[in-house]
Amino acid sequence: MNTPFFISWRYQRAKQKNRLVSLISFFSTLGIALGVMVLILGLSAMNGFERELNNRILAVVPHGEITGADEHSVRDADLLEKRLQAVPQIQGVSPFVSFTALIENGAKMKVVQVKGVDKKTQDQVSSLGKFVLNNGWTNFEKNGGLVLGYAIARELDVQEGDWVTLLISQNNGDEMAQPSRERIQVSGILRLDGQLDHSYALMSKAQAQAFLGLTANQVSGVEIKVQNPFRMQDMDYSSLNDYPQLLNLQNWQSKFGYMYRDIQLIRTVMYIAMVLVIGVACFNIVSTLIMAVKDKAGDIAIMRTLGANSAFIKRIFIWYGLLAGMKGCLIGIVLGIFFALNLTALIQGLEKLIGHKLLSDGIYFVDFLPSELHWQDVVLVLAAALVLSLIASLYPAGRAAKLQPAQILSGY
């Protein structure tokens, strides 16, 4: 048996003679527990945001868009598709037609960017169809119509099956030309529970080409899906060198990359801040141990008289400090894991209670607080807290080891 550990365990469990020691020890444990709990919660929330970024942004938006650099359209979509399919890192290619329109429903109006897509090829570059309600994506091409983002439909007060009017500007060079008016049925509602619900309006590519007077081989651009969306700058586009039109590539990072960078920045800042909070709490252990050493001076003198050396005494109080830190860590980990696993439900309950959304889907890419617990984060937090507890224990333990038994016993 590890005798220093056993003695320090008995000291931890015994009632302190000095109530101030107990009070400082309590607040030290409480501070460590709160710091560990908040750090686990914060890291879990950042993991949740990163998961939703991958599931709701990278799985839905194209990894890249290739458009004509000098014209409003790509003249030869078939040739561009073939050239892109020759790039090994590209997994999917989907041509699209994009235009700005004003949607009218009675007195309510909203300007949106409408995108005409082909269902078959769109499924190769994104998981957009999974988020269309009531299987509206299954019959998208057969029924035609317009798929609206949930927030757009809410603003216009329309539901699936309602008819709306599209006002589309004419690109014929006549500035006085009246916009064309097209009646179209809302065939589906796209719900991502986030910022994208405010920006998506989809129709079939053929229908969009007809509205704009484009031929079947003319498109606004081509969307691509790649193997690694974080390494797009390293891809080889040499197959496009002799394409008979200047092209422009815009990747997902130019639109949404800031979200990923913000998540990493907040994760780092949160970890540093919470480690400092835990550190401050751990250094309360210094005060606790110094007072404990003074309380146990008689015991130290007796042990030294019985043959215990300085290293033995030092290990007792190092274990004493580690046990104090471990107690706060265990409490914090249990609370942190519990709240992390139930964070989304707890925040939704709080929102219902106060009648206010904490995350607005108009600002953030999700309208709820996601959470995903990673056990390596728990281990990392535990290790950091224990290391700080160990460092805080070294000085008081060193002082206890230097106490002289004769000097202590002469005071009794």
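Backbone N, Cα and C atoms are what each Cβ position is placed from, and that goes for glycine too.
No curator has checked TrEMBL annotations; they are predicted automatically.
The following features are taken from TrEMBL:
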DOMAIN    25-232  domain 'MacB-like periplasmic core'
DOMAIN    272-405  domain 'ABC3 transporter permease C-terminal'
TRANSMEM  20-46  transmembrane segment
TRANSMEM  269-293  transmembrane segment
TRANSMEM  317-341  transmembrane segment
TRANSMEM  378-397  transmembrane segment
Ask   = Restricting to the same chain and to residues at least six past its boundaries, which positions have a Cβ under 8 Å from a Cβ of the transmembrane segment (378-397)?
value = 32, 35-36, 39-40, 43, 275, 278-279, 282-283, 285-286, 289-290, 292-293, 313-318, 320-322, 324-326, 328-329, 332-333, 336-337
Residue numbers, six or more beyond the limits of the transmembrane segment (20-46), whose CB comes under 8 Å of its CB atoms = 263, 266-267, 270-271, 274-275, 277-278, 280-282, 284-285, 287-288, 291-292, 295, 324-325, 327-329, 331-333, 335-337, 339-340, 343, 369-374, 377-378, 381-382, 385, 389
Query = What residues in the same chain, six or more past the boundaries of the transmembrane segment (317-341), come closer than 8 Å to it by Cβ-Cβ distance?
reply = 4-5, 8-9, 11-12, 25, 28-41, 44, 281-282, 285, 288-289, 292-293, 371, 373, 378, 381-382, 385-386, 388-390, 392-394, 396-397, 400-401
Tally of DSSP helical, extended and coil residues in the domain 'ABC3 transporter permease C-terminal' (272-405) = 104 helix, 0 strand, 30 coil
